[in-house]
């Protein structure tokens with residue numbers, strides 16, 4: 001079996017080249033061809049010696065994700081469904097803005113955390129993605145978008161690990177993928193523009209601070225443990241006090257001077273004025289220890305299995321005002337891609353359990369998505 005070169009960061013690729021009897025600097029050339037130019041054929045790499053290209057052809061390949069379908073939202077958001085084998089599907093979403101392009105990518109097929117408000121969690125957990133499967137979402141999206149938009153310059157400026165899965169429960173594959181994103185010979189993204197979102201795996205937050213500190217977003221969703229236990233089951237293992245202490249430690253290494261806290265607004269559950277006041281007290285208590293925060297209030301995207309409802313916008317505005325009046329920087333997330341199930345918490349689409357995955361792939365391959373624009377894709381020609 002040949003090696004998929006998307007599985008390697010630059011150091012790993014250098015070791016691979018040495019194993020072929022080549023100098024380490026060849027890895028830099030190869031890395032640029034793969035990630036900056038989107039090459040998938042060694043024959044394209046004209047500045048590499050023919051002998052090296054022949055070695056690579058016999059021992060390696062560059063395999064991107066298998067695209068099942070592409071969905072285009074009326075607001076410009078694009079969602080791809082990728083088949084990663086054995087009935088597992090993952091999704092990535094591109095969100096265009098006037099000043100940036102953000103790609104939301106997955107780290108696992110499914111998710112084991114099981115947050116009550118997240119449809120992905122209701123799908124269940126299948127497996128961790130490999131480094132190559134994580135990186136390939138960016139590799140495919142960046143080079144597809146350049147073709148699609150007719151642009152030579154970089155399209156994706158921000159990456160958020162907010163797709164399917166808990167990134168810090170796939171740590172060994174996540175960190176090399178982050179290094180590829182950050183490497184100047186790869187995508188050259190700023191640490192400030194790569195965000196890992198976590199439900200609160202405390203030991204891995206500490207490791208990430210040492211190994212590859214990028215922007216951190218924490219799914220908080222409640223001001224006290226009893227409520228968070230019911231919404232984010234991982235809280236029973238890593239309660240709020242431990243989580244915020246880890247965030248304070250992380251901030252010393254973080255590329256931004258604050259930690260973002262995500263808060264999904266659930267009608268009658270966590271959106272009352274007393275919840276906002278409890279959050280203010282909680283953050284003021286930890287700010288004395290050096291924690292600086294920003295809150296991102298997220299409108300809930302309903303799905304039948306949750307039994308939850310979205311907070312009314314006046315309620316969200318009142319909640320935000322309490323936080324802002326206390327000096328906490330607060331934003332309300334604008335939902336994007338709702339019409340293609342690409343918004344936050346919707347990245348399982350219509351998957352409610354593992355048995356429906358095969359039916360879902362088959363339906364989408366046939367373009368049977370009830371009015372959603374579907375483009376069945378082969379390779380990069382989407």
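Cβ coordinates come from backbone N, Cα and C, glycine included.
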(request) Check Swiss-Prot: it lists 165, 166, 219, 220, 221, 301 as binding S-adenosyl-L-methionine. Then name which of 136, 190, 197 it lists for that same site. (result) 197
(message) Spatially, which candidate from the recorded positions 91, 104, 111, 115 is nearest to residue 221 (S-adenosyl-L-methionine binding site), comparing Cα atoms?
(response) 115
(message) Taking only the residues in the domain 'Radical SAM core' (97-339), give me the average pLDDT of this model.
(response) 96
(request) Specify the secondary structure state of residue 221 (S-adenosyl-L-methionine binding site) as given by DSSP, simplified to three classes. (result) coil
(message) Radius 10 Å, atoms counted are CB only; among the binding-site residues 197, 219, 301, which position scores highest?
(response) 219
(request) Could you state the whole-number distance in Å separating the C-alpha atoms of residue 118 ([4Fe-4S] cluster binding site) and residue 219 (S-adenosyl-L-methionine binding site)? (result) 11
